[in-house]
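Novice: Summarising the annotation, TrEMBL assigns region 'Disordered' to 1-26. Under the heading domain 'SAM-dependent MTase RsmB/NOP-type', TrEMBL lists 181-477. Annotated S-adenosyl-L-methionine binding site per TrEMBL: Cys280, Ala281, Gly282, Pro283, Gly284, Gly285, Lys286, Glu311, Asp338, Asp362, in sequence order. Taken from TrEMBL, the feature active site, nucleophile applies to Cys415.
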Amino acid sequence: MTHRTDRKPAGGRGGRSPRRPARDQARNAAFDVLRAVDERDAYANLLMPRLLRERGLKGRDAALATELAYGTLRGLGGYDAIIKVCGDREPDAAVRDALRLGAHQLLKMRVPPHAAVGTTVDLVRLRIGAGAAKFVNAVLRKIASRSLDEWMAIVAPDPAGDLSGHLAIVHSHPRWIVSAFRDALGADADETAALLEADNARPLVTLVARPGRSSVSELGNAEPGRLSPYAAYLPEGDPGRITAVAETRAAVQDEASQLVALALTRVPLDRRDEVWLDMCAGPGGKAGLLDALATHGDLAGLDDGVPGAGEAFAGGARLLAADAQHHRSRLVWQTTRDAAVVTADATEPAWRPGSFDRVMLDAPCTGLGALRRRPEARWRRDPSGVAELGRLQRRLLDSALDATRPGGVVAYVTCSPHLAETRVVVGDVIGRRDDVRQLDARDYLPGIEGLGDGPHVQFWPHRHGTDAMFLALLRRLPA
Ligand SMILES: C[S@@+](CC[C@H](N)C(=O)[O-])C[C@H]1O[C@@H](n2cnc3c(N)ncnc32)[C@H](O)[C@@H]1O
């Protein structure tokens with residue numbers, strides 16, 4: 001953690017009490033989070049709650065600190081472009097973080113300009129020094145002279161000549177991610193913009209009431225979900241304080257994550273289910289739901305019927321959950337009840353081929369589908385990782401198909417819409433094999449619009465309010 005308390009407050013006001021103590025505590029906490037993200041690759045969503053607890057920030061001040069840090073991290077692509085044209089020199093990293101924080105207050109939050117500039121300059125004077133405070137004052141005053149839209153018209157490339165570059169600055173995403181999203185959305189510019197916008201909004205906290213273990217009505221003031229029969233949206237409060245969550249009968253889980261697991265269980269099989277495999281199970285979100293479904297059945301589907309090609313699973317199967325990393329398989333063990341849990345490398349399986357009726361492969365991926373959850377995540381991803389992940393994804397998918405009995409089914413899932421991790425991987429693997437048939441996954445998610453042209457399914461934050469989760473369902477053909 002970088003407090004920089006070793007530096008003496010400089011300048012005439014050094015040592016004087018800040019004007020708005022609680023508010024400035026919020027700004028200090030936000031600044032500390034930005035520095036920690038920058039300097040030691042901290043995760044903002046883990047660090048911020050800890051800082052708030054340690055410093056006793058609650059209520060509106062906690063909300064302000066969180067919005068300052070998360071909003072600044074999300075928006076910093078655009079803010080950096082503005083800072084560049086407003087300063088006469090390249091700021092050092094700490095000064096740049098303070099400028100980003102000030103720019104966010106000036107351009108995105110309803111903080112009056114004098115307060116946004118004054119509090120940021122105070123913070124810099126106390127934490128960095130008088131010279132830096134003077135520079136920050138000059139740059140922020142320039143930034144305050146225009147609105148965000150006006151600045152974007154100046155700093156973003158012309159969309160006619162460079163649409164990805166334009167969207168990247170205006171919606172503050174790395175350019176390669178914008179290009180990947182455009183490819184996945186069939187180059188639709190408006191949809192790409194809507195997706196980027198959705199990535200910049202705070203997601204709803206979604207819970208799952210694991211069937212047979214909890215019910216939506218038990219989850220405090222949460223409202224029933226729109227897409228998954230087991231989902232509920234929590235308007236406010238700490239989900240960890242809900243008894244069913246603390247007892248792992250319910251959990252925090254994105255609705256698309258619930259639906260891809262449910263779809264896998266709804267594919268009709270030629271004989272009774274006995275064993276399922278979740279081969280990349282850590283930390284256990286999907287395994288927790290699959291474990292409950294395997295034991296108790298798809299109770300909502302059994303009550304209401306499943307229209308379309310799907311069938312509600314009646315229960316009576318057993319789940320084996322595996323993860324290559326021991327600390328992650330331990331988390332799976334903690335969140336499941338009936339599942340057997342092992343630490344195993346699924347590319348060199350510890351199980352016999354052809355053993356499982358249903359296999360979930362929630363493959364390691366770039367996570368580009370969940371950028372809204374981790375404010376800094378988009379800046380940490382690296383396009384060079386995509387090819388290497390693609391090789392692992394292909395090996396894991398082959399292994400998943402080998403593990404499945406003839407007549408059984410595999411769900412290939414990624415929390416990324418990047419074509420190189422989704423359709424291309426599935427196409428390559430099934431193109432090499434003659435024992436696989438791809439099913440139309442939309443048939444097992446009846447009533448949900450906007451899933452694409454099939455046979456795979458792609459969820460989207462801007463269409464469904466979920467993570468951008470991909471699902472392909474593959475039937476292993478009888479020999
Ligand atoms: C996308 S995460 C799975 C998320 C999980 N299904 C859930 O819903 O909580 C991918 C997981 O694959 C695991 N993994 C990576 N390579 C693996 C391998 N060769 N064998 C088994 N697990 C692997 C990682 O440790 C990571 O926990």
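The chain as shown is numbered from 1 upward.
Cβ from N, Cα, C; glycine included.
Curation plays no part in TrEMBL annotations; they are all automatic predictions.
Note that the structure is predicted; figures quoted are calculated from it, not measured.
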Novice: In this predicted model, what is the average pLDDT of the domain 'SAM-dependent MTase RsmB/NOP-type' (181-477)?
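Specialist: The predicted confidence over the domain 'SAM-dependent MTase RsmB/NOP-type' (181-477), as a mean pLDDT, is 96.
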Novice: Hey, what's the Cβ neighbour count for Cys415 (active site, nucleophile) at 10 Å?
Specialist: 25
Novice: As a test of the contact definition, list every same-chain residue at least 6 positions from Asp338 (S-adenosyl-L-methionine binding site) whose Cβ is closer than 8 Å to its Cβ.
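Specialist: Spatial neighbours, sequence-distant, of Asp338 (S-adenosyl-L-methionine binding site): Asp291, Ala294, Thr295, Arg318, Leu319.
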Novice: Whole-number Å only: compute the distance from the Cα of Gly282 (S-adenosyl-L-methionine binding site) to the Cα of the residue listed as 'active site, nucleophile'.
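Specialist: A Cα-Cα distance of 14 Å.
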Novice: Using a 6 Å cut-off on Cβ distance, which of the binding-site residues Cys280, Gly284, Lys286, Asp338 come close to any atom of ligand 1?
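Specialist: Among Cys280, Gly284, Lys286, Asp338, near ligand 1: Cys280, Gly284, Lys286.
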Novice: Reduce the DSSP letter at Gly284 (S-adenosyl-L-methionine binding site) to three states and note it down.
Specialist: coil
Novice: Test of understanding: give the count of other CB atoms lying within 10 angstroms of the CB of Lys286 (S-adenosyl-L-methionine binding site).
Specialist: 25
Novice: Cα of Cys415 (active site, nucleophile) to Cα of Lys286 (S-adenosyl-L-methionine binding site): how many Å, rounded?
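Specialist: On Cα coordinates alone, these residues lie 12 Å apart.
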Novice: Could you check what DSSP calls Asp338 (S-adenosyl-L-methionine binding site) once collapsed to helix, strand or coil?
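Specialist: Note: Asp338 (S-adenosyl-L-methionine binding site) is coil by DSSP, not helix or strand.
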Novice: Same chain only, sequence gap of 6 or more: which residues have a CB within under 8 Å of the CB of Cys280 (S-adenosyl-L-methionine binding site)?
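Specialist: Listed in sequence order, they are Ala322, Asp323, Ala324, Ala346, Leu361, Asp362, Ala363, Pro364, Leu396.
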